[in-house]
Amino acid sequence: VSRASPNLTFVPACLPPDPVEVEELQRFVSNSKRLFVMTGAGISTESGIPDYRSEGVGLYARTDRRPVQHAEFIRSASARQRYWARNFVGWPQFSSHQPNKAHLVLRDWEKLGKLHWLVTQNVDALHTKAGSQRMTELHGCTHRVFCLGCGDQILRSELQEHFEALNPTWKAEAFGVAPDGDVFLTDEQVRNFEVPACRKCGGILKPDVTFFGDTVSQEKVSFVHQRLAESDSMLIAGSSMQVYSGYRFALAAREKKLPIAVLNIGPTRLDHFASLKLNSRCGELLPLIV
């Protein structure tokens, strides 16, 4: 795991942690016996992965690009070709990102028995790389691929080899990685890119992630609700909670009258009912908590 300085390219400007706030979060964590943590893209920005919504530095602020929609991916062969071509170019860089201090702290809290369950909205595998185990990847993970036809799963790294074999002379220069690992390519660049089918049944291959416009399985939602029911407090780290698939768990925590702390640079949907709101970098504030 990289111990290098954080990459602040995609981190919004913020003040250093206020000692009073550090003390408040320390008290919150100390009082928690079964802490439920939910993380979002803001925990991975210090690893060099941009988020979508941060002011000035998020993908939406810097570009007019939008992530692929589930219905479009399912319906359109050209949309799949475009997605996979961009993903193929971006994969070497995206898959090389390493956990930062915030990921490591949450792993350590788990080892100490402080963290009851971790739910991440991210698809970057950084919590897994850090060593977290008591964890649910709410929106899946780009490091896995499955067939929509027969359900067969393969590693994304293995699929990269299939892409290379099918496209030995295809080359494209990448322009800026997005939060989900793809890059910008023109339609002209994408046109001749070959996409492999499932080796078992010839079906359509899709990353094991919940695309925009798709829903998280009811089974997974129920499982996370069960883990939340066993918890005594909730910490949101690096998420504005704009996406309902994650926000619903904060609403459930409020209903259960659990104390909720939010650590995020900028406003969130929870600000009006959180017990504690902190505007700091996850990788700067979390390591201060013992």
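Don't overthink the numbers, they just go from 1 along the chain as shown.
In case you wondered, yes, glycine gets a Cβ from its N, Cα and C as well.
Residues or ranges marked as active site, proton acceptor by TrEMBL: H139. Residues or ranges marked as Zn(2+) binding site in TrEMBL: C147, C150, C198, C201. According to TrEMBL, the domain 'Deacetylase sirtuin-type' annotation covers 15-290.
Where TrEMBL records a feature, it is marked here on the structure.
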residue: H139; record: active site, proton acceptor; Cβ within 10 Å: 23
residue: C147; record: Zn(2+) binding site; Cβ within 10 Å: 19
residue: C150; record: Zn(2+) binding site; Cβ within 10 Å: 11
residue: C198; record: Zn(2+) binding site; Cβ within 10 Å: 19
residue: C201; record: Zn(2+) binding site; Cβ within 10 Å: 13
Legend entry - Distance, C147 (Zn(2+) binding site) to the residue listed as 'active site, proton acceptor' (CA atoms, angstrom): 17
Legend entry - Other residues, Cβ within 8 Å of C147, C150, C198, C201 Cβ centroid (Zn(2+) site): L148, G149, G151, D152, A197, R199, K200, G202, G203
